[in-house]
Amino acid sequence: MYTEQPRSRPVTVSTLRQMKANGEKIAMLTAYDASFAAMMESAGVDTVLVGDSLGMVAQGHDATVPVSVDDIVYHTQMVRRGCRIPLLIADMPFMSYATVDMALRNAARLMQEGGAQMVKLEGGLNVAETVRLLAANGVPVCAHLGLQPQLVHKLGGYKVQGREEAAARRMLDDALALQDAGADMVVLECIPAELGARLTTELDIPTIGIGAGVDCDGQVLVCYDMLDITLGKRPKFSRNFMDGQSGGIAGALRAYVSAVKAREFPAPEHNVA
Ligand SMILES: Nc1nc(=O)c2c([nH]1)NC[C@@H]1CN(c3ccc(C(=O)N[C@@H](CCC(=O)O)C(=O)O)cc3)CN21
Ligand SMILES: CC(C)C(=O)C(=O)O
Ligand SMILES: [Mg+2]
């Protein structure tokens, strides 16, 4: 069991860099309201993401596409009131960074109105210039490669990415371009574990995996999946942390943090390819 003392100081971008350097795994979860955020803080979660997955698990849509900037601002405000220690990241929704001007304006809203400390956006080379301008304006940025759920209507479904060597190489180029543009972190979603390991070795910035193998610098899950309250099917890469422990939701959150820190999650059965 993870028995470190709870943190007394807020997690920053440099804390996360230091964790990568020290080989301490980063535990991230999504949160959409103050109560869950507070429980995550108590459980030792390092960083909390107000994900656009809220469009699916909270709003009941079958994609993240309908989520608006107003929605993310509203949920980020709620999460902000629940926790002070974890680094607070807000997803930029579909079409909210279609132009650099829009990206700057909407990132400003997530930080100034929502209280986010970092914004996350999906894409590779196509968003590198956007990332560069955000970074130049003091906006910490988390990139998001592999499966990009906002592209579901182009992809035709939620599928594993980077299986072929050519696609893996393109993803590596994308990741290096994003890092060069000033990204502080990158989420890797639904890719072979070997590719997650390769990207983690090649990059100086921390990698956070979701269905990307145990060798990423950290892990993230949609909290509804790990608490087994997801509407419909839970992705194969998730695990029900309510199982095998008697501490309720607080226990499940602690079990997740502990399993990530101990490299026990994800296990080979959670690998996607
Ligand atoms: N509840 C929930 N969990 C998530 O992880 C999540 C969301 N919602 N919404 C936004 C995106 C969409 N994501 C998804 C959604 C579905 C699969 C999925 O069904 N994957 C298949 C394997 C993929 C394949 O067939 O190649 C699976 O069985 O897990 C994966 C990621 C990840 N994110
Ligand atoms: C699954 C994570 C990485 C995400 O982007 C979300 O929750 O929206
Ligand atoms: Mg998202």
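Using N, Cα and C of the backbone, Cβ positions are placed for all residues, glycine too.
Whatever TrEMBL says is automated annotation, not expert-curated.
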In TrEMBL, 3-methyl-2-oxobutanoate binding by Asp52, Ser53, Lys120 extends, among Asp91, Asp173, Asp174, to Asp91
List the residues in the vicinity of the Mg(2+) site, defined as same-chain residues other than Asp52, Asp91, Glu122 with C-beta within 8 angstroms of the site's C-beta centre. Gly51, Ser53, Thr64, Val67, Met92, Pro93, Phe94, Lys120, Leu121, His144, Pro149, Gln150
Same-chain residues at least 6 positions away from Ser53 (3-methyl-2-oxobutanoate binding site) with a Cβ under 8 Å from its Cβ, in sequence order, are Thr30, Thr64, Asp91, Pro149, Val222
Distance [Cα-Cα, Å, rounded] between Glu122 (Mg(2+) binding site) and Glu189 (active site, proton acceptor): 10
